[in-house]
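**Student:** Just dropping this structure here.
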There are 4 protein chains.
Amino acid sequence: MLPVRPLPAYLVQRYHGWKATTFAENRAWYKRLAEEGQRPRAMVITCCDSRVHATSIFGADQGEFFIHRNIANLVPPYAPDGDHHGTSAAVEYAVTALKVAHVIVMGHSRCGGVQGCHDMCSGNAPELEKATSFVGRWMDILRPGYERVAGREGVEDALTELEHEAVRVSLENLMSFPFVAQAVEAGDLTLHGAWHEIGSGELHVLDAETGCFVPV
Amino acid sequence: MLPVRPLPAYLVQRYHGWKATTFAENRAWYKRLAEEGQRPRAMVITCCDSRVHATSIFGADQGEFFIHRNIANLVPPYAPDGDHHGTSAAVEYAVTALKVAHVIVMGHSRCGGVQGCHDMCSGNAPELEKATSFVGRWMDILRPGYERVAGREGVEDALTELEHEAVRVSLENLMSFPFVAQAVEAGDLTLHGAWHEIGSGELHVLDAETGCFVPV
Amino acid sequence: MLPVRPLPAYLVQRYHGWKATTFAENRAWYKRLAEEGQRPRAMVITCCDSRVHATSIFGADQGEFFIHRNIANLVPPYAPDGDHHGTSAAVEYAVTALKVAHVIVMGHSRCGGVQGCHDMCSGNAPELEKATSFVGRWMDILRPGYERVAGREGVEDALTELEHEAVRVSLENLMSFPFVAQAVEAGDLTLHGAWHEIGSGELHVLDAETGCFVPV
Amino acid sequence: MLPVRPLPAYLVQRYHGWKATTFAENRAWYKRLAEEGQRPRAMVITCCDSRVHATSIFGADQGEFFIHRNIANLVPPYAPDGDHHGTSAAVEYAVTALKVAHVIVMGHSRCGGVQGCHDMCSGNAPELEKATSFVGRWMDILRPGYERVAGREGVEDALTELEHEAVRVSLENLMSFPFVAQAVEAGDLTLHGAWHEIGSGELHVLDAETGCFVPV
């Protein structure tokens with residue numbers, strides 16, 4: 001027997017509120033979405049962090065974004081080795097089955113995963129270096145980004161730079177997936193990098209020319 | 001040089017709208033969230049599907065839910081093998097670092113991933129059986145659920161049953177993580193299973209006594 | 001010996017029901033709230049009136065709102081004279097210790113305190129004018145609001161206008177507290193005015209541009 | 001012009017949910033409550049603390065409880081000196097105008113106000129001793145309770161004892177109001193003391209015989 005509990009009452013109450021308002025006002029659309037399937041325009045890859053709501057920031061409603069959220073919005077390199085790869089599966093499904101037109105990787109400030117990566121790579125978090133640390137092994141994906149920041153001169157804010165690298169590394173890894181590269185080359189898909197500052201509400205986007213993040 | 005493009009203009013426009021309204025009304029809270037860090041009450045594991053917005057359904061705002069989204073809201077079994085495990089990393093971070101009080105696994109109707117799993121397991125999707133299929137290998141997690149549904153008599157709607165199994169399998173796998181089992185036993189964490197029907201807007205929750213999903 | 005009595009049985013029974021359901025589903029969260037302390041996002045100042053439940057109206061659960069309730073949701077002017085000031089203490093604690101992001105003053109229709117103020121100021125309630133009347137002396141805080149309504153032309157519903165003034169006067173008085181004004185100016189706090197109509201369930205909010213209450 | 005902002009969007013959304021469900025299901029009752037006025041059975045005096053919801057714990061709905069909430073659920077001594085006394089006004093209104101049948105004073109564990117009082121009285125919080133500290137001057141009400149705890153032998157948990165004293169002092173002060181004492185003597189009013197432990201969910205009530213708090 002699974003040790004599950006009923007849903008907390010406050011969530012049940014809020015759900016009923018949603019059902020009676022948002023759902024009721026949009027039931028025809030939700031019915032179509034159910035019957036005809038989703039047709040999202042974009043995939044968004046963003047962090048699990050509770051402070052980051054891509055749908056709120058982009059005013060998106062049901063049906064618009066196919067959203068994958070993981071720690072530090074990372075995409076691992078292409079590795080078709082037969083293992084479970086949740087992020088790669090999400091990318092494959094979005095690009096080959098749903099044929100989304102955009103993939104947006106959005107990082108954010110004060111990212112706990114990026115902080116952990118920084119601590120680990122700089123030798124200050126031995127517990128994350130253990131083989132059994134899921135967070136540590138996941139953040140290994142960002143090690144190439146850490147090396148780049150470490151080798152850069154005049155870095156003022158290493159954590160922000162590393163958050164930016166998390167977006168760049170993910171975009172580079174995305175391009176290592178043959179079906180992504182092909183779709184980009186065929187003009188069927190565009191990639192976008194963004195970074196959100198939680199406290200100030202600012203949104204910065206990755207500029208292809210300069211390779212830098214600039215405010216929109 | 002990364003082949004990135006500027007953010008689509010309609011998203012930039014919506015972002016500016018968010019900044020001038022929602023952000024402006026809540027800037028003090030977002031500033032505190034940035035400075036003091038997040039303290040989410042619950043982790044929600046749900047599907048990437050664009051039709052499923054847990055935050056909308058539960059009226060949750062920035063800071064309330066730590067959200068992991070992957071294909072078919074699956075949690076793989078505990079496997080500390082040193083590989084990249086995005087879902088396991090998210091669970092580890094939520095339970096051990098953030099110490100969330102609830103983990104809610106929420107499945108949904110018309111799930112493309114579950115449909116794929118059903119096709120694959122019933123021999124109708126050979127392309128998903130390839131070692132190189134990320135979606136196929138990810139949906140392998142649900143094979144035990146498929147076997148249970150296949151062995152059950154009088155199944156009227158095999159896909160819905162399999163969507164329910166996706167929640168049960170994930171909850172079972174969650175309990176295979178030592179830190180999850182310990183937190184549950186210590187009364188520091190409660191687990192919850194839910195399933196959302198997109199077209200009708202209904203929400204069903206997993207009942208511990210009967211093992212069935214019942215409308216709230 | 002204090003002349004106390006056991007709690008009425010119907011309340012004991014309801015409490016046991018709460019313990020077995022709502023508490024059981026949320027024990028991990030309540031335990032964390034106990035151990036780590038509260039971190040409410042907002043302070044709500046509302047009336048003691050039994051018909052006004054801010055937590056119900058706003059779907060808020062334990063931990064979300066720091067709530068002060070007094071007669072007619074009034075905030076007195078800043079007066080650091082060494083006397084007991086319960087409302088000022090609550091505001092001071094919320095803003096300086098808890099650092100809430102919002103203070104919401106919510107008035108309501110058919111407010112007995114506001115009615116008493118109107119009767120008193122218009123000479124129809126001599127008993128409230130006595131120095132020994134706690135309600136009368138408390139409602140003195142709203143006298144400037146009464147004067148404004150009395151001096152206005154074309155007032156159709158003086159009581160509703162005075163209920164609105166109770167919110168405005170409280171917000172004005174809030175701004176007379178140096179720590180409130182500083183937090184507002186620093187962007188660490190936003191103030192909000194609202195008025196709830198009990199019978200129709202409507203919610204009106206104070207608009208900064210026009211100074212009027214408008215339905216949400 | 002008041003520096004007010006629109007209500008945060010998530011609260012507006014939750015409000016609409018409440019309106020469409022809880023309100024819609026009870027509109028006839030709320031209409032009667034609006035037209036005929038409130039007739040609450042009890043007054044509850046409890047803390048502003050966001051973790052204490054008397055209505056949730058006691059399953060109370062609109063119209064049942066007249067609720068005053070201040071820091072540390074304190075009632076000051078009777079002092080008809082013509083100043084603003086918010087708590088005394090609430091008590092006066094409840095007992096003489098609404099004629100409630102019960103006044104319940106409910107304290108709670110981990111009370112920040114009580115902690116502050118303890119720090120102040122033991123010489124560890126000089127900032128609370130300033131004349132300009134509203135929290136300090138408000139917590140002066142509890143000084144007699146601190147003295148009693150300090151003079152008691154074998155005190156294991158001074159803070160919990162002081163939280164209990166906050167209830168006892170308030171009940172004693174309540175009896176100093178002539179209209180309260182008269183109503184109690186006439187059998188028109190009963191007083192009750194309670195203390196709620198946030199983490200364990202326990203509820204203790206003050207026993208008249210022993211003067212101790214015992215679990216219900």
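In case you wondered, yes, glycine gets a Cβ from its N, Cα and C as well.
According to TrEMBL, the protein has these features:
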type: BINDING; residues: D:Cys47, D:Asp49, D:His108, D:Cys111; note: Zn(2+) binding site
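On this model, are these features tucked inside or out on the surface, and what's nearby?
**Tutor:** On its own chain, D:Cys111 (Zn(2+) binding site) has D:Cys47, D:Asp49, D:Ala72, D:Leu159, D:Glu163, D:Ala166 as residues at least 6 apart in sequence with a Cβ closer than 8 Å to its own Cβ.
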**Student:** May I ask you to pick out the binding-site residues among D:Cys47, D:Asp49, D:His108, D:Cys111 with a CB closer than 8 angstroms to chain C's CB atoms, ordered by sequence, or 'none' if no residue qualifies?
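**Tutor:** Listed in sequence order, the binding-site residues near chain C are D:Asp49.
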**Student:** Which residues in the same chain, at least 6 apart in sequence, have a Cβ under 8 Å from the Cβ of D:His108 (Zn(2+) binding site)?
**Tutor:** D:Thr46, D:Cys47, D:Asp49, D:Arg51, D:Val52, D:Asn73, D:Glu163, D:Trp195, D:His196, D:Glu197, D:Ile198
**Student:** Excluding D:Cys47, D:Asp49, D:His108, D:Cys111, which residues of the same chain place their Cβ within 8 Å of the centroid of the Cβ atoms of the recorded Zn(2+) site?
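**Tutor:** These residues sit around the Zn(2+) site: D:Thr46, D:Cys48, D:Arg51, D:Val52, D:Ala72, D:Asn73, D:Gly107, D:Ser109, D:Arg110, D:Gly112, D:Gly113, D:Val114, D:Glu163, D:Ile198.
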**Student:** Reduce the DSSP letter at D:His108 (Zn(2+) binding site) to three states and note it down.
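**Tutor:** DSSP assigns D:His108 (Zn(2+) binding site) to strand.
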